[in-house]
Every structure is written in C-alpha cells, then in structure tokens.
Amino acid sequence: MKTVEKRAIIAERPSEKRVLRIMPPFAFSGTQQNMIIHPQFDPVALQLGPLAIRWYALSYIVGFVLFMWLGRYRIKQGGTPFTVEMLDDFLTWGVLGVILGGRLGFVLFYQPEYYLAHPADIVKVWNGGMSFHGGFLGVLAASCLFARKNGLKWMQVLDFIAPLVPLGLASGRIGNFINGELWGRITDPAAFWAMGFPQAAEADARLAAGNAQWGGWLAQYGALPRHPSQLYQFALEGVLLFAIVWWFSGKPRPTGQTAMLFLAGYGLFRFIAEYARQPDDYLGLLTLGLSMGQWLSLPMLVLGVAGFVWFGKRAKQTA
C-alpha cells in the first residue's frame, strides 16, 4: 500500500463547503475490548480559494520549516562551515532532490512495469506515489552538487543536514496517519494498540475472505484490527532517530560519522517498523519474507555501520 505519498502537495479543489469527517472512535462489541477506529479526517487541511492544501502536503511544509529552524540554530552554535545564506540556498536543492528522487524512486522500486507501459503517468505526482528511499538518493545527489558549487566536502554537507532530517520524517508519518494510509499488519483486536482503518476496507475484505477468524473480526468490528504502523515509524524514524543524531552531532565528531549514524539508524528503525507495516499489495513479501522497504533499508544499515567505523578509524590515523 504505497499510498503514502498518494497526496498532491497543493492541488486544485472546488470551493464547496468542507466538513471534517470523524468516525466514532470506538467500535463497541459487548464483552470484548473496544477497538479504536481511525478517525476519517477530510484530506484537505486548508482551503485557500481554489487551492486546497492537503494534510500530507502540510506535513511536507512543516518538515521543511523544521529543517530550516534547526539548521539556523546549529549555525548560530558555530562549528560548521554552513552559513545562513548557504542553508537558504540548500533548501531549494533539497526540495528538488526530495520530490524528483522520491517520485523516480517510487517508479523504479515499486511499479516499474506500470510506468513502463504508461510513461506519461510518471509526471502525474498529484495521483500519488513517492518513495523515501528514492527521495534519500535524490537528496544525496543534490547535496553532492551543492557541495561542489560551494567549495565544501560532500560529507561536510551530509553531516550538517543529517540531524535536521528526522523531525521532517516524523511530520510525514503524522501526515500518513491523518490520511489513514500505510496502515499496519493484522494484530489481535484485544491489543491496546489495535486500530481499525476504514480506508483499508477493500484490503480487509480480501484478507478476511481467506481467513475465518479475520472474517469474524471484520463482521464484529467493521474493520480488521491493525498496527498503527505510521505511529511506530513516527516514534522510531522520527523522534528517536532525531534524539540520537542530534545528541551525537552536538559535539565535534570525525567527518562523515554523523551522516553514517543517520544512515545506519534509519536503516535499522525502518527495517524494524516494516514488520508491523502492511506490505504493498502489488509487491507483497519478497525473498526471505522481507518487504521491499526492508530490502531497501538493509544496505543503508550495512553501509552506515561500516562507514561509521571507517570514518572513525581514518580520523585516528590522520590525527
């Protein structure tokens, strides 16, 4: 269910009156423990005349604002070759890297057959389809070009931006949760974390058709109990990763280690969270029972750990 990114950043929308749609938060079931049902929010967060800013778009905006605020704070602290002017310039490069890389990553990693047959749809980003791993590669390329332009080392740029990224990821996961997309795998309805996602009605029906117990749960609650995996990713890839990388980068470190810590940390936390996240319908589980997200995260983990050790040893040798 790679609908994560099935939200246009700013899309035209008729100016009809919009009402926030909230489902009852609990499904009552006699003596059974109540299961939380995801509130179905209107996908439009803000209507500005003919323009509609969606929740997922707003999460991107919040992420970029946090990036700039944290970056300015770090520049004021000193110890970085970045200036405020460089930070402002990098934002443009970063936004392009995220959007272009995220879109191309989705096309290549998740649905290459479809887009090979429908190449004109590649540019239709308003129909959805973004990939974190693609966006990550896009930012790597953008940061490399930015470093050359400004006479900086590539790793200096990556070390600077690494602590600024996780809170943007956290904001994106909140956008996923509000949209009720990228829901988790089936869990026990008695678990306190169990949540039904009405947006997953079609997927629930397919799964319940082949499992009697799940069919009973669907009849009882109106939705299958799932992990709210967006919140797990918010906590792991966002808040926890930010705390670790921000703390680590608060003191002078060997060049490259902060970037490698982010790389390894994201790879690890994404790999873990994928066990609770429903695999994409059109891919399912791949070799060794791992999802596409896990296979894309494994190289990040391995390269991050190896790079962290290598940069540390190199710093000692040149000291």
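Positions of Cβ are set from backbone N, Cα and C atoms, glycine also.
Marked as transmembrane segment by TrEMBL: 53-70 (among others).
Within its own chain, the transmembrane segment (90-110) is flanked in space by residues 2, 5, 9, 64, 67-68, 82, 122, 125, 129-143, 145-146, 157, 161, 280, 282-283, 292, 296, which lie at least six positions past its ends and keep a Cβ under 8 Å from the stretch. Summarising the annotation, TrEMBL assigns transmembrane segment to 90-110 (among others).
Sequence-distant contacts of the transmembrane segment (130-147) (same chain, at least 6 residues past either end, Cβ-Cβ under 8 Å): 2, 4-5, 89-90, 93-94, 96-106, 108-110, 153-154, 156-158, 161, 169, 270, 293, 296-297, 300. Annotation comment: TrEMBL describes 130-147 (among others) as transmembrane segment.
Counting residues 6+ beyond its ends, the transmembrane segment (231-249) has Cβ neighbours under 8 Å at 159, 162-163, 166-167, 169-171, 173-174, 176-177, 184, 257-258, 261-262, 265-266, 269-270, 272-273, 276-277 in the same chain. Taken from TrEMBL, the feature transmembrane segment covers 231-249 (among others).
Per TrEMBL, the feature transmembrane segment maps to 285-311 (among others). Residues 109-110, 133, 136, 155, 254-257, 259-268, 270-271, 274, 277, 279 of the same chain lie 6+ residues outside the transmembrane segment (285-311) yet bring a C-beta within less than 8 angstroms of a C-beta in it.
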